[in-house]
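Chemist: My questions will all concern the structure given below.
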There are 2 protein chains.
Amino acid sequence: MTSRVLIKDLSAQDDGPVSVSGWVDTVRDQKKVQFVVLRDESGAVQLVNPRTTDADGVVVADEPATTISALSQGSFITVTGDLKHDERVKLGGIEIKLASVEVKSHAIAETPIAADSSLDKRMDWRFLDLRNPKQNLIFRIQTTFEHALRTYWVERDFIEIHTPKLMASASESRAELFEVDYFDTKAYLAQSPQFFKQMAQSAGLGKVFEIAPAFRADPSFTSRHATEFTSIDAEISWIDSHEDVMKLHEELLVAGFSAVKAKHGDEITALFDVEITVPTTPFPRIPLAEAKEIVKQRGYEVPRDDDDMDPEGERQIAAYVKETYDHEFVFLTDYASSIRPFYHMRHEGEPGLTKSYDLIFNGTEISTGAQREHRVDVLIEQATEKGLEPEELGFYLDFFRYGAPTHGGFGMGLARVLMLMLHQASIREVTYLFRGPTRLLP
Amino acid sequence: MTSRVLIKDLSAQDDGPVSVSGWVDTVRDQKKVQFVVLRDESGAVQLVNPRTTDADGVVVADEPATTISALSQGSFITVTGDLKHDERVKLGGIEIKLASVEVKSHAIAETPIAADSSLDKRMDWRFLDLRNPKQNLIFRIQTTFEHALRTYWVERDFIEIHTPKLMASASESRAELFEVDYFDTKAYLAQSPQFFKQMAQSAGLGKVFEIAPAFRADPSFTSRHATEFTSIDAEISWIDSHEDVMKLHEELLVAGFSAVKAKHGDEITALFDVEITVPTTPFPRIPLAEAKEIVKQRGYEVPRDDDDMDPEGERQIAAYVKETYDHEFVFLTDYASSIRPFYHMRHEGEPGLTKSYDLIFNGTEISTGAQREHRVDVLIEQATEKGLEPEELGFYLDFFRYGAPTHGGFGMGLARVLMLMLHQASIREVTYLFRGPTRLLP
């Protein structure tokens, strides 16, 4: 028996017997010859079966012809046959002349989604949607990107942690919290690993990372929000300021983008018409106040009462950065403490400003980072000022009562990075199974 | 300014000015000289400060002496000084003669846990417990182990998926399910990525992996159960039987153990008195029925009414395997279908037996694997037989109605592997922050 060959590896093989496995993309069941386009996780190939005729020229109902005639789209089959290189074959210049067809599983003859189906409908049938080569590529890119990040971390002695997602209290705002029945009490789903990656600093782990789910009971339906998302987190000790965090952050993105471009660049161009640019370092850094001035000079007044940016402002500053520095990324730095969590460190002598940043990629925020306040007295003061009860934060404040190094880090949404990297309109396109206020299925 | 050097890198440095950062392990504040043992994520080093005396030989209250006298255990400090190699120094043959001490954060002078504190008490103060070099090593081992697994997968074209943890229904038994308030409805926390990693097979992703949290509302208090745990999952298409899954599984463990032994072997021997053995392949495989016979012949009758093994039986069969094959691992195969989930494939012509296995490591089960049933009619039959409603499983059964390849995979508990690898008595010792029925803090 010949063992299975991935379709992408066929063209490098010599002509001769092969076995391939995959699902039926299309069948052209013609009178004199049958064609099947077979697809697997690596590509597509044409299978061909010339019909047998009897002495009178009448087509014979033999095998594999009968099986092929009965094939529905989506059925999973294993075939054997003779590989032939033939330049005239449009699909990769090869075809397989069939010897046998074994059906592993018949698909029902129904195609719930088509190329022009709505995103929502495609999500209903995500497992069929994912058979699309573009979708398949997205998750191979995801794999490469994450592995490059983790390799960067591991080579630099970062420790991988798995922080608990079940918590006794909120990790961020109390507003967007999922409550869980937990035996005789209540638990809450972690909105971020924030408290626990900071705990690693007091624990003396030095540099830590985690890629894991985070949960927000966010009722919004935008293209960039989900109730469950994959968060990329890192936290490091002994920093001097948020500049050290930004330096880590940009190096990490360079590692990720370099790996994606090297491994998938051509395919991305072919399928998404996108040229991956490995960003140059340092990324541009613009203090938020200055960014708002720049945006204003471009004719856009951010319609907010607080000191924050808004999505249109982020697009405007990104356009400015693209024009001025030809860069897809920009760190907006030094956000007002009024719009930042209590645990962001503030500038010495300028308590209205935090040592924090947002990272904007192609016009959309993908991450927030900061130096954290590690002095417990200052931390309590800032928490109280934000209306939090130090008692409720007791377990967290303990992390700092027993000593803590200076530290900082960031959290970054994986789906946002992929969405913007591939110029997609929604994180739903790059999320394996999206979760939103009205979506828990499949 | 000299930049920070990790303590483990000091011994390779020449004598001269250095800067190190870490936390205070001990202070010996003697009359003529002060000693501090400083610890960072990589090791410990002795700092020394000879006191200054005035013309009359009286000790002067100068710096850094005064700061050192006030140092509490656990305070995080950055020091500068002169590195000196000196064989007489017990701690690594080096010391640093102090020039300056900067306190980043004072620890309160209190030591809630000691070396002999109970495990429960240590978990209350996990961030202090983790400062212990043994605990620190555990998480560096975890990092190395996981990275080796992921590297194995990535090099073999596996795709990394992030399956949702919020689900509309149970993924395993309905008994141990956490319920979440989800806007106007209820959601459930995923007990495993089972359904969704199988979905990847129908989606044509081929080979997938995930390392992510899973949740079980399990009220038990054993040393091997948690309500939240890190699950290592893989699932592959186009297998012939569970044998293909076991082959993947053992290769993966060899990759993981090899990496751990290479990077941490000596340290593990020093701190845990454990010699890491890279397992040889193939691992022994024993059908469950045969295993029960062997155990019986050793004088142990499994006290269960069903066809399952029990923990003592697992220990017995592991002892047998150790004696007979000198192997720490054993696959127990072909479990009765009566004690396996509906989605395990059964043997052709022998529906009482499944194509499944449990993997036993040093006497404890760490994983269950199987070929899955991919034929939707058989799947419905088996689900119905188990008392499940095909309607409730609708979204899952759809994955197979539209075609699916043969496939199989396994789920493995990360903490169990680490516990058994390091001969620890409980998964609590190797879990960053354990979650159990009565533990949600810190």
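These residue numbers are counts, starting from 1, taken along the chain as shown.
In case you wondered, yes, glycine gets a Cβ from its N, Cα and C as well.
All annotation found in TrEMBL is predicted automatically rather than curated by experts.
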Chemist: Return the residue out of A:Arg131, A:Arg140, A:Arg216, A:Arg401 that TrEMBL annotates for the same L-aspartate site as A:Glu172, A:Thr368, A:Arg372.
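Modeler: For the L-aspartate site that includes A:Glu172, A:Thr368, A:Arg372, TrEMBL also lists A:Arg216.
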Chemist: Which one of A:10-13, A:118-121, A:194-197 shows up in TrEMBL as region 'Aspartate'?
Modeler: A:194-197
Chemist: Which of these, A:Glu350, A:Glu365, A:Glu373, A:Glu381, does TrEMBL list as part of the ATP site with A:Gly413, A:Leu414, A:Ala415, A:Arg416?
Modeler: A:Glu365
Chemist: Reported as an integer number of Å, what is the Cα distance between A:Arg372 (L-aspartate binding site) and A:Gly413 (ATP binding site)?
Modeler: 20
Chemist: Greatest CA-CA distance (Å) over the residues A:Glu172, A:Arg216, A:Thr368, A:Arg372 that the record ties to L-aspartate?
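Modeler: Spelled out: the longest distance between any two Cα atoms in A:Glu172, A:Arg216, A:Thr368, A:Arg372 is 22 Å.
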Chemist: Given the ATP site residues A:Glu365, A:Gly413, A:Leu414, A:Ala415, A:Arg416, which other residues of that chain have a Cβ within 8 Å of the mean position of their Cβ atoms, reported in sequence order?
Modeler: A:Arg224, A:Phe229, A:Ile366, A:Ser367, A:Met412, A:Val417, A:Leu418, A:Met419, A:Ile427
Chemist: Among the binding-site residues A:Arg216, A:Arg372, A:Arg416, which residue has its Cβ surrounded by the fewest other Cβ atoms within 10 Å?
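Modeler: Comparing Cβ neighbour counts within 10 Å for the binding-site residues A:Arg216, A:Arg372, A:Arg416 gives A:Arg216.
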Chemist: Could you round the CA separation between A:Leu414 (ATP binding site) and A:Thr368 (L-aspartate binding site) to a whole angstrom and send it over?
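Modeler: The separation of the Cα atoms works out to 13 Å.
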Chemist: Determine, to the nearest whole angstrom, how far the Cα atom of A:Arg416 (ATP binding site) is from the Cα atom of A:Glu172 (L-aspartate binding site).
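Modeler: Cα-Cα distance, A:Arg416 (ATP binding site) to A:Glu172 (L-aspartate binding site): 20 Å.
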Chemist: Using Cα coordinates, what distance in whole Å links A:Arg216 (L-aspartate binding site) and A:Gly413 (ATP binding site)?
Modeler: 13
Chemist: Return the residues near A:Gly413 (ATP binding site) by Cβ distance under 8 Å, restricted to its own chain and a separation of at least 6 in sequence.
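Modeler: Once residues fewer than 6 apart are set aside, A:Gly413 (ATP binding site) is near A:Arg224, A:Phe229, A:Thr230, A:Ser231, A:Ile232, A:Ile366, A:Ser367, A:Ile427.
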Chemist: Select the most exposed residue of A:Leu414, A:Ala415, where exposure means the fewest other Cβ atoms within 10 Å, treating these as the binding-site residues.
Modeler: A:Leu414
Chemist: Around A:Thr368 (L-aspartate binding site), how many other C-beta atoms are within 10 angstroms of its C-beta?
Modeler: 19
